[in-house]
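Peer 1: Quick one: the structure is below, questions incoming.
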Amino acid sequence: MLNVPSQSFPAPSSQQRVASGGRSKVPLKQGRSLMDWIRLTKSGKDLTGLKGRLIEVTEEELKKHNTKDDCWICIRGFVYNVTPYMEYHPGGEDELMRAAGSDGTDLFDQVHRWVNYESMLKECLVGRMAVKPALPKDYHEEKKVLNGMLPKSQVADTLAKEGCSSPSYDWFQTDSSVTIVIYTKQKDINLDSVIVDHQDDSFRAEILIKDYSYIIHVELSHEIEEDFSVRVVENVGKIEIVLKKKENASWKRLGHPLENHNSLILKKDTGLYYRKCRLISKEGVTHDTKLFCLMLPPSTHLQVPVGQHVYLKLTITGTEIVKPYTPVSDSLLSEFKEPVLLNNKYIYFLIKIYPAGLFTPELDQLQIGDFVSVSNPEGSFKISQFQELEDLFLLAAGTGFTPMVKILNYALTNIPSLRKVKLMFFNKTEDDIIWRSQLEKLAFKDKRFDVEFVLSAPTSEWNGKWGHISPALLSEFLKRSSDKSKVLICGPTPFTEQGIRLLHDRNFSKEEIHSFTA
């Protein structure tokens, strides 16, 4: 997976797309694009300087390679010569040099842990660190643990600091089904907190508990049907996953443990898990933006929480490339007419097609029935913090509108205290405005909602507001009716940075501002 240069790339402080500012990019030289890097890696040129040899690298040896002309970096125990990649890195040479001659794993995870460095840097692999990490003391014990409680030594200390009890699981069966019961001992668990995938014989359930993931991952001992059911008893934090047996045979065991089975680990350390989703439809929304509908496999349970995003992955010229996108509703208005179906298998994305880009033209070329890999949700946005909100202000530019779609729906349908929601939507021309008629109809239907369109390059016929984000435009827009207010902002980095400065000038605190990077 490669870092695709775009304004949607997460900032180091973003926790993946949630930030108070954008990540700086450096203009690349001619012939140093992503596609140029792919061509170089496939040219057969020796990019390591070792003529195909792999070596064990000591810590002392790694430290020697710490200059722009000779830069080695360690990521998760593997050492790469990133010197050839310097001029191709969208973040610039200085960003890579922060990890020169050292272990850059933590820095890498802060900025873009979702990037598959094995694919991107496979031709730059020098070798493995000479000192291998020791296996945990309970490694062999873990393989034996399949039912029941987690060993306290693994997780008790982790959650005790946050006043939480250790999760555990068990399973039981009938003639036709197997039920896996997970005891989270948390009262804020809901269906958004549960991700389940059954691929081939592998069964994987990931339960999100605060900043951690509790994972059940086994190779099932018998075959099951594709579909299953997930039920959450919220007041006690119990989760029941009911699997249908293909044969009415008695199971002696659930299965064999796989990676991270029966473990509680920091979510940022879990890595991204993908499943293949089928393209069901794509339709034009504006002259350059389309609405894509993807269908989850029947053997997946996944609900993307409001305000969070996923990564889409495609293989282009033999290289895996990913881009982050925030799911939307199929229609801004239909979302208000009917409740969201809890077993909804469809995910919608509003995506702008860049003709000169690498990822979106390839996405646009997909035929109905083709597959796109979709990751687990990412992001730190919590809609629960909006429960007593009275004023909500939304500032969006272009496709920065996408995170606002589901937030709009949630706010107008689930926050009783809400008095008003105001959206200021910045675009270049009228033709660029996404779902303009739907926004206008929604404002007519719900008097709490108001929308203002601002164009930077309007025609002479335009009678509305025009310009870029500025104190003059925000002065009237940001009138509060109470101190229980929040502002959400999303757009290109310059838009977001300028907007946040203006919000601070108008005495909005950091706690009242939440930004996404479009």
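Quick reminder: no glycine exception, Cβ is built from N, Cα and C everywhere.
TrEMBL labels come from automatic prediction, so no person has curated them.
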Peer 1: Can you say which of 1-27, 28-54, 136-162 is given as region 'Disordered' in TrEMBL?
Peer 2: 1-27
Peer 1: Using DSSP, how many residues in the domain 'CS' (164-255) fall into helix, strand and coil?
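Peer 2: Secondary-structure breakdown of the domain 'CS' (164-255): 3 helix, 55 strand, 34 coil.
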Peer 1: From the DSSP assignment alone, can you count helix, strand and coil residues within the domain 'FAD-binding FR-type' (272-384)?
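Peer 2: Its residues divide into 12 helix, 49 strand, 52 coil.
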